[in-house]
Amino acid sequence: MNWLVWALLLCSSAMAHVHRDPTLDHHWDLWKKTYGKQYKEKNEEVARRLIWEKNLKTVTLHNLEHSMGMHSYELGMNHLGDMTSEEVISLMSSLRVPSQWPRNVTYKSDPNQKLPDSMDWREKGCVTEVKYQGACGSCWAFSAVGALEAQVKLKTGKLVSLSAQNLVDCSTAKYGNKGCNGGFMTEAFQYIIDNNGIDSEASYPYKAMDGKCQYDVKNRAATCSRYIELPFGSEEALKEAVANKGPVSVGIDASHSSFFLYKTGVYYDPSCTQNVNHGVLVVGYGNLDGKDYWLVKNSWGLHFGDQGYIRMARNSGNHCGIANYPSYPEI
């Protein structure tokens, strides 16, 4: 457990006796049972209870405002409900945008092209099941393999889960990636290009921790010839790529509690910034109740959002920086 988590727990524990609400004891027990929560020490449970109560208040007030038409999305007390937004970002969102990144925008847009009003690559069988990255900042790896999985399906007709652990263990310092401490999708693609392949998830399973590189060419499940970067901040180019090419890897700002507690609807939080810190996969787009959205696959398990997915506001000023660093691989 890193210093930030300890600091949060200590502060919460010190105040817990003041704020605990005994009327919520039953609901706390139900929530723990639902998500299989167990705590090693009493102090940790007390601290988690305080954070949980704070999040519950946030969810309750937000959903009340939603019922009055003030928000386009609802929140819920999911498996992350006993964590702060700072913890979630520290443990599960470690996108590292290269500081000296020579962007090579090779995508050619066609402004006269008629695009479909909606797209969902899940319906075309190009998206694998939602994964759970755990307490490891490997979001970049899951975003990258998700984009490549779709390209493999489109070329071969076979949908195969690729190994995020292969990237965590092997696409490391040479590429500016740091395993569970973060990385970037284009650098993951570059590793696959240089390595001439990536193993399947079945042969190189995910462990949610850094390990020694164990790539085995005999278990290679995909290759990558190059990757394409889209123009910075262009939602139009992102829509075109998602419509014509397949799922696209992107970075977003996921640093707010409204994000990790999202349940359903079209996510729009005015406090969301252009500073991206989490890698995800855009697998489609559409419109819900008059709100344009991006359909985004996360790697926080099925309990997050809508079965692991979130609909994020589209055509709303590049909300959360979703169009800042889009890229996709080619086989």
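From the backbone N, Cα and C atoms, a Cβ is placed for every residue, glycine too.
Disulfide connectivity taken from Swiss-Prot links Cys170 to one of Cys126, Cys136, Cys213, Cys224, namely Cys213.
With respect to Cβ neighbours within 10 Å, the disulfide-bonded residues Cys224, Cys320 differ, and Cys224 shows the lowest count. Comparing Cα positions, Cys213 (disulfide bond) lies closest to Cys139 out of the active-site residues Cys139, His278, Asn298. A Cα-Cα distance of 6 Å separates Cys139 (active site) from His278 (active site). For the pair Cys170 (disulfide bond) and Cys180 (disulfide bond), the Cα-Cα distance reads 12 Å.
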